[in-house]
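Worksheet: the structure to be examined is printed underneath.
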Amino acid sequence: MSTSTSPAAMLLRRLRRLSWGSTAVQLFILTVVTFGLLAPLACHRLLHSYFYLRHWHLNQMSQEFLQQSLKEGEAALHYFEELPSANGSVPIVWQATPRPWLVITIITVDRQPGFHYVLQVVSQFHRLLQQCGPQCEGHQLFLCNVERSVSHFDAKLLSKYVPVANRYEGTEDDYGDDPSTNSFEKEKQDYVYCLESSLQTYNPDYVLMVEDDAVPEEQIFPVLEHLLRARFSEPHLRDALYLKLYHPERLQHYINPEPMRILEWVGVGMLLGPLLTWIYMRFASRPGFSWPVMLFFSLYSMGLVELVGRHYFLELRRLSPSLYSVVPASQCCTPAMLFPAPAARRTLTYLSQVYCHKGFGKDMALYSLLRAKGERAYVVEPNLVKHIGLFSSLRYNFHPSLL
C-alpha cells in the first residue's frame, strides 16, 4: 500500500537535511543578519539611506542643521567684519589677471534673515582661494545681486570686498505689477542677466554660476583644474553646454531611469561579487569556484550599496581629483553650473527663447534644450558644492526639513 507525500512534507524533510555548514544555510543567514540587523542598525541615521528612520530622526536632524547653519552664518558675518575693506575695487584675494580664466559668479537674493547664506558661500570661496595660492590667480570672484529691494544687507557688506553687479540698481522696474511674469521666469531672467554680466565684464574662459546657498567643497579647485585642463580636452566633453557640480543626494540612487547608473550598478556587482566569493570560499574552506555563489554575492553587494546609499560610496572618490566621475546630466538642479564661454553665449540665446513657469523652472528649461538643440551636458560626482538653503527663494516654506 503506497502513501502519497505532500509537497510541504517533502520541503520539510529537505530543510532538515540542511546542516549549519551547508552553503545555502550560511548565505541565507548572512543575508538575514546583514539586511535585517547589521545594516539597519548601522544606517538608521544616514539621511540618504533606505534604512533611514525618517519618523525618528528627521525633525531633530533638520533642527540641528538649521541651528548649525545659523552659527555658521554668524561666523561668516564676523569673518567679513574683521577683514580689511577693498572698497569694492578688486577682490580681497588679489587683483586677478585682466582676462580671468575662471569667473565665479554668485547669484544672490535677500533670503531668510540670520542665516547669511551668501556670506557663508563667499567666505568659503575666499578661504579656498587663499589656500589654492598662485594656481588660482586666474580666478575672479563676482557677486550678482538680483534682489529688487535695497535692503539686501549681505550684498551691501560684500560690495566692500568683491565686485558686484546690481540688476535693479537705479532702475524703475515694474516686475511686481506684471502678472505675466512669475517668480520662475524672473529667476531665469536673473540667471541670464548674471551670466551675461560675467561675460561682458571679464570675458573669461569659463563662468562658474553659483547660487547663494551652495557652499563649495574643500576639493573644488583641484578637481576643476583637473577636469578642465585634462578631462575636458577629450572630444566628447570639449563642446559640452555645461557641467553641473551638484545633483541632489536623494536622487543619486542606482534605481533610476538613467542608463549610466544601471551600468555602474552592474559594475559594482561584477567587481565585488568575485571578490566576496573568493573571501567566502577561503574562510569557509570550500574547494574550487562556484558560479551560483558568485551570482549570490554579486546581487548581495548590489543590494547592499543601493540600500545603504550610493551617495555614501561616492564619497570614496574624494580621495583624488582623478577619481571624480563625469556622467551625462539630468534635469535637476542648478546650485552650481560651469559654462565654457562659447557655451555660455549659446545658453543665453537658448534661454531667451523659452518661458519658465511653475513646473518648468530654469533647470528643466536648460535640460530640455539639450535634446532640442542637440547639445550635451554632464554632472561631476561626487558633488563639489553643499546645498545649505532649506528656505527656498521661490516657495514659501515655514517648516523646512532636510528631505
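Heads up, the Cβ atoms here are built off N, Cα and C, so glycines get one too.
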Annotated companion of Val109, Thr334, Pro335 at the UDP-N-acetyl-alpha-D-galactosamine site, Swiss-Prot, chosen from Lys362, Lys373: Lys362
Arg282 vs Pro342, same side of the membrane according to Swiss-Prot: no
Candidate in Cys43, Cys132, Cys194 joined to Cys144 through a disulfide, as Swiss-Prot lists it: Cys194
Selected from Cys333, Cys356: Swiss-Prot disulphide partner of Cys332: Cys333
Secondary-structure category, per DSSP, in which Thr334 (UDP-N-acetyl-alpha-D-galactosamine binding site) falls: coil
Which of Val109, Cys194, Cys332, Cys333, the listed recorded positions, has fewest other Cβ atoms within 10 Å: Cys332
Chain-internal residues, separated by at least six, CB under 8 A from Cys144 (disulfide bond): Thr105, Ile106, Ile107, Thr108, Val164, Ala165, Arg167, Asp190, Tyr193, Cys194, Ser197, Ser198
Sparsest Cβ surroundings (other CB atoms within 10 Å) among the disulfide-bonded residues Cys132, Cys136: Cys132
